[in-house]
Amino acid sequence: MATDIDMLIDLGLDLSDSELEEDALERDEEGRRDDPESDSSGECSSSDEDMEDPCGDGGAEAIDAAIPKGPPARPEDAGTPEASTPRPAARRGADDPPPATTGVWSRLGTRRSASPREPHGGKVARIQPPSTKAPHPRGGRRGRRRGRGRYGPGGADSTPKPRRRVSRNAHNQGGRHPASARTDGPGATHGEARRGGEQLDVSGGPRPRGTRQAPPPLMALSLTPPHADGRAPVPERKAPSADTIDPAVRAVLRSISERAAVERISESFGRSALVMQDPFGGMPFPAANSPWAPVLATQAGGFDAETRRVSWETLVAHGPSLYRTFAANPRAASTAKAMRDCVLRQENLIEALASADETLAWCKMCIHHNLPLRPQDPIIGTAAAVLENLATRLRPFLQCYLKARGLCGLDDLCSRRRLSDIKDIASFVLVILARLANRVERGVSEIDYTTVGVGAGETMHFYIPGACMAGLIEILDTHRQECSSRVCELTASHTIAPLYVHGKYFYCNSLF
């Protein structure tokens with residue numbers, strides 16, 4: 001029977017859908033009832049076994065070699081699939097004539113020999129067995145027992161039984177092994193999962209060694225718990241609260257009205273004026289016989305720049321004397337530095353430009369006499385105050401001016417502090433003051449001349465005292481005429497002449 005079935009499979013026929021198989025099963029049952037002494041009752045029908053690729057495990061030659069070469073079946077069973085199944089040699093004589101080849105088997109012709117290298121086409125390619133054998137859903141007699149020959153134990157013929165094949169429908173009924181039969185599910189170790197091919201199947205029979213199993217479902221995978229961390233667990237983040245003023249702070253703000261009074265404000269002004277009468281605390285700069293005595297002493301009233309005007313020649317002649325006074329009196333110099341910082345931050349634009357010229361002219365005098373640039377000096381040590389006040393006064397105007405000239409912005413000039421960014425008098429003042437302020441903030445003991453753009457053996461000849469004020473006023477006036485913006489014109493005009501004409505609308509004070 002196995003030989004005929006191979007012939008049908010090679011022809012691309014599906015035995016599961018033909019009526020021959022059903023007819024063969026019926027005739028087989030009748031033959032078994034007629035012959036109760038037959039030992040083939042334990043055999044499985046060729047359509048009930050797992051089908052395997054005839055090209056595997058030795059190919060067609062191995063299958064042909066495994067087919068029993070006994071005498072043909074009884075004549076009365078010829079012409080049916082089951083009747084062609086070989087019977088034991090004891091029930092048929094050696095001289096009996098072979099059965100007549102009638103019926104469908106004779107019409108199909110001679111079986112074509114299959115080559116082990118030639119792949120099967122048609123339906124055979126689609127019904128190749130899966131990687132693992134699936135248990136027959138009916139169980140019972142379908143499983144094959146090991147060690148049993150073709151005709152049962154003690155049979156006369158010891159020829160090995162050929163591999164059985166199953167139709168496509170029977171294979172689909174078995175399906176793959178269920179996930180419960182796997183050994184790599186939850187609770188199984190890694191070694192057990194690797195030895196899954198050697199574990200017992202659901203039906204109780206051992207699986208072939210080395211066969212692959214179907215992947216387990218996602219929920220059956222064993223997940224390794226995360227390693228315990230010795231650090232404390234991160235507390236859960238709370239939702240950000242609303243951004244409000246603390247009630248205690250609100251109470252403090254409202255309590256100001258309880259303490260504010262005209263008398264108390266007046267007393268505060270009086271105490272501040274008393275402190276300013278002697279800012280040095282009885283230890284001022286020694287001014288006896290000094291050409292700088294008028295400026296070293298304290299005075300009441302405002303500052304008049306014209307009364308303090310000196311020429312470059314006078315500064316060169318008497319500048320070293322003032323320099324030595326600052327260096328010889330560090331405590332007085334520290335007080336003078338603090339007082340100068342407060343004054344510089346309250347100046348208008350013209351006064352701020354004069355302070356910038358004062359700082360640069362002082363540096364030029366020091367370089368002229370080869371004196372170190374000391375950060376503790378009251379004039380050099382307050383370069384940051386001059387820069388911040390100038391930037392505040394010039395920012396509304398410089399935003400338009402620097403952009404129109406294609407230069408770096410105000411903040412970039414002050415933060416980069418590069419000599420290569422200097423393109424005009426405005427950028428020169430801002431960059432040099434920013435470099436001096438940076439050195440003072442870093443706390444260096446001495447500032448080198450390259451900070452102000454002077455190389456070794458050079459003098460600050462490119463700077464003329466007064467260039468800051470004259471150059472910035474010129475820039476303001478020129479850009480005001482060139483720019484078509486009315487806002488820029490108003491800004492430049494008020495920067496040069498800060499006269500109040502409009503802007504403030506009320507003054508409200510409910511306390512005093």
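Cβ from N, Cα, C; glycine included.
Annotated by Swiss-Prot as region 'Interaction with host ALYREF', the relevant range among 104-112, 266-274, 374-382 is 104-112. Of the residues C363, C366, C400, C408, Swiss-Prot puts just one in the Zn(2+) site with H479, C483, C488: C400.
Per Swiss-Prot, the range carrying the annotation motif 'Nuclear export signal' out of 5-17, 291-303, 317-329, 343-355 is 5-17.
For the Zn(2+) site, the Cβ centre of C400, H479, C483, C488 serves as reference, and the other residues of the chain with Cβ at most 8 Å from it are F397, Y401, A404, R480, E482, S485, E489, T491, A492. The binding-site residues considered are C400, H479; of these, C400 has the fewest other C-beta atoms within 10 angstroms of its C-beta. DSSP classifies C483 (Zn(2+) binding site) as coil under the three-state reduction.
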